[in-house]
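Per Swiss-Prot, the features are as follows:
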| type | residues | note |
| --- | --- | --- |
| ACT_SITE | Cys102 | active site, nucleophile |
| ACT_SITE | Cys199 | active site, cysteine persulfide intermediate |
| BINDING | Gly11, Met12, Ser13, Gly14, Gly15, Val16, Asp17, Ser18, Met37, Gly127 | ATP binding site |
| DISULFID | Cys102-Cys199 | disulfide bond |
| SITE | His128 | site 'Interaction with tRNA' |
| SITE | Gln344 | site 'Interaction with tRNA' |
Amino acid sequence: MSESPKKVIVGMSGGVDSSVSAWLLQQQGYQVEGLFMKNWEEDDGEEYCTAAADLADAQAVCDKLGIELHTVNFAAEYWDNVFELFLEEYKAGRTPNPDILCNKEIKFKAFLEFAAEDLGADYIATGHYVRRADVDGKSRLLRGLDGNKDQSYFLYTLGHEQIAQSLFPVGELEKPQVRKIAEDLGLITAKKKDSTGICFIGERKFREFLGRYLPAQPGKIITVDGDEIGQHQGLMYHTLGQRKGLGIGGTKEGTEDPWYVVDKDVENNILVVAQGHEHPRLMSVGLIAQQLHWVDREPFSGTLRCTVKTRYRQTDIPCTVKALDDERIEVIFDEPVAAVTPGQSAVFYNGEVCLGGGIIEQRLPLPV
């Protein structure tokens with residue numbers, strides 16, 4: 001007697017990647033069902049209300065593919081485990097990455113548990129551009145085949161056990177192929193543009209959105225030489241290496257080079273700026289990271305040669321990683337790197353394999 005097909009619950013976002021993932025899994029012989037997660041409660045009459053449109057698109061795709069679509073509300077989990085932490089980080093003058101937190105707490109925790117326990121799933125699947133491979137009996141996380149779309153940076157907190165229960169069908173394809181499949185199938189999501197903005201909160205005006213939850217405190221903008229040259233509307237609206245939105249031009253005596261944020265003095269509510277994107281104050285020789293997650297879940301000790309990304313879409317930087325203690329590591333880059341930002345994630349790679357990462361606690365500035 002043949003075994004019954006394994007059951008996969010696909011996280012349907014209403015986008016093209018999850019739509020095509022569901023179809024690919026059907027082709028591979030899985031019993032496929034969809035799940036739409038509502039993770040944010042919109043205010044009534046909110047103009048950015050995309051959740052209803054996304055749900056309608058997800059439903060249309062599931063109808064077309066002949067699969068059931070479940071819905072679940074994780075808004076409370078999102079608020080408690082992602083959003084409150086996100087606000088705390090901003091309050092402390094750091095720049096968090098909510099997508100990483102959301103993957104850790106919602107998609108690969110709340111969703112994974114709900115799919116297994118309530119829906120009887122053998123696996124979950126998402127439309128992430130990553131791959132998995134089994135090495136020495138443990139599931140490893142690999143970069144997506146499409147280097148331009150690879151999303152392993154956002155999934156470094158996953159352990160091998162979570163990866164073993166997750167399928168990533170589009171990780172083996174390039175984005176144009178995914179769009180072509182959706183077009184050939186006549187899916188409503190074929191030409192839908194990729195979502196940007198904060199995970200699940202969508203493309204709302206960020207400044208206005210943040211201002212609802214955190215009181216903005218205007219303060220001085222000073223240069224690295226100590227001259228006051230303007231006012232900022234709130235430190236939380238600025239991040240290291242930022243050039244746009246400072247509202248200052250070149251100075252009378254100085255060059256016309258654009259200004260960049262090089263530091264945030266949280267205690268005194270001062271934004272520090274310098275001219276030129278390779279200003280020494282913007283460069284770091286390394287970083288200290290904490291809140292470490294290694295995919296193989298083995299504690300790290302000693303030293304390691306690998307590459308690191310300190311933000312998404314960055315070219316890999318060769319580096320040496322040294323364990324300081326169980327909780328923290330020191331990372332020294334082979335060459336100085338601009339705009340290393342506390343609160344963001346440092347993610348480590350050995351070739352195609354994502355090893356894990358941690359949160360940047362501090363950057364190690366160029367010796368003056």
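Cβ atoms here come from the backbone N, Cα and C positions, even for glycine.
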The residue listed as 'active site, nucleophile' and Gly11 (ATP binding site), distance between Cα atoms, whole Å: 13
Asp17 (ATP binding site) versus recorded positions Cys102, His128, Gln344 - nearest by Cα: His128
Assigned element (helix, strand, coil) containing Met37 (ATP binding site), judged by DSSP: strand
Largest separation between Cα atoms (Å) of residues that the record links to ATP, namely Gly11, Met12, Ser13, Gly14, Gly15, Val16, Asp17, Ser18, Met37, Gly127: 16
Gln344 (site 'Interaction with tRNA') in three-state DSSP notation: strand
Gln344 (site 'Interaction with tRNA') CB neighbourhood, other CB atoms within 10 A: 24
Integer Cα-Cα distance in angstrom, Gly15 (ATP binding site) to Gln344 (site 'Interaction with tRNA'): 26
Integer Å distance between the CA atoms belonging to Cys102 (active site, nucleophile) and Met37 (ATP binding site): 12
Top Cα neighbour of Ser13 (ATP binding site) in the set of recorded positions Cys102, His128, Gln344: His128
